[in-house]
Amino acid sequence: MNPHAKLISSSSLALGTTIVITSNHWAMTWAGLEINTLAIIPMISKSHHPRAIEASVKYFLVQAIASATILLSSTINAWSTGQWDITQLTNHTSCLLLTTAIAMKLGLVPFHFWFPEVLQGSSLTTALLLSTLIKLPPLTILLITSNSLNPALLTTLALISTALGGWMGLNQTQTRKIMAFSSISHLGWMTLIIIYMPKLTMLTFCLYTLLTSSIFLTLNTSSATKLSTVMTSWMKNPPLNATLMLTLLSLAGLPPLTGFLPKWLIIQELTKQEMTLTALIAALLSLLNLFFYLRLTYYSTITLPPNTTNYMKHWYLDKTSFSSIALLTSLSALLLPISPTISAMF
């Protein structure tokens, strides 16, 4: 991509996210979401591959429908209440439409079909943006309006997303699709607790962003887009694969790694809210995610290829991103002991 085009897209992405986070007016929020959509499309289609073009068209259509639904929801609410303030969402129809639109934006079940396909058609760095930064504006809107939304509907969407994210990830062989279903499952955990403890949702999102960034940067360094490529990437950099194992296990939520912290706090809060059955179902469904994370870990660090490979062996690796990967991996594995400090911050 042209450096000037990349600068404009990156700046627009930051601007759109900032507008959504800081605005209280529905029109400004909608404008920020549109800026985000238009900024990320050139990044998705930059390779000019047919799959990338298809992914960008799918992303545009889904986001356009979701943005139109948000605009319709805010208009109905303004017609009913006479206000365009985000926090004054009182109309029942508007709440239902907004829940649908945000679920489409985030990729929650049953509006998740576009997300794995778009990630598969994007590069690993663009897939990282789609899994983390692009999720922040709609999650912020959900956070602000959560008190007005239907708790039973959000809990149902969250549990189904957690279940289907784990179930659909079991049979995948493409790393980007595995990370897509992982994202759907984690968004289910965030949505599950958003009404009862919004700050915990933001903590979960921050830690998820940290872990996912570490995994995507590691996969990008070794150019691993399939499980078969992951299996042979140990020849390029064995220490990098060892740290990938720790990050994957952390994302699975195994103690004593960082990823255990949000699941632990969410289950604890759900138990306090007398939702023990919901907490039990979510904990059991997380075992599905654990299976495909363990499979990815097994492929990356334990399995040796059964025969000689046709992959070109790199005699030199670009080490410019190693320092950031080292920092992110350290944080991904070692933050649990300071969990009281992190909890106090949020």
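In case you wondered, yes, glycine gets a Cβ from its N, Cα and C as well.
For reference, TrEMBL has these:
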- 23-287: domain 'NADH:quinone oxidoreductase/Mrp antiporter transmembrane' (DOMAIN)
- 290-342: domain 'NADH dehydrogenase subunit 2 C-terminal' (DOMAIN)
- 57-76: transmembrane segment (TRANSMEM)
- 96-115: transmembrane segment (TRANSMEM)
- 152-171: transmembrane segment (TRANSMEM)
- 178-196: transmembrane segment (TRANSMEM)
- 202-219: transmembrane segment (TRANSMEM)
- 240-257: transmembrane segment (TRANSMEM)
- 277-296: transmembrane segment (TRANSMEM)
- 316-338: transmembrane segment (TRANSMEM)
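Across the candidate stretches 57-76, 152-171, 178-196, 202-219, the maximum count of CB pairs under 8 A to the transmembrane segment (277-296) is reached by 152-171. For the transmembrane segment (240-257), same-chain residues at least 6 beyond its ends with a Cβ under 8 Å from one of its own Cβ atoms are 182, 208, 211-212, 214-215, 218-219, 221-222, 233-234, 263-264, 286, 289-290, 293-294, 296-297, 300-301, 322, 325-326, 328-329, 332-333, 336-337.
Between the transmembrane segment (96-115) and the transmembrane segment (178-196), three or more CB pairs separated by 6 or more residues in sequence fall under 8 Å, so the two stretches touch. Averaged over the domain 'NADH dehydrogenase subunit 2 C-terminal' (290-342), the predicted model reaches a pLDDT of 72.
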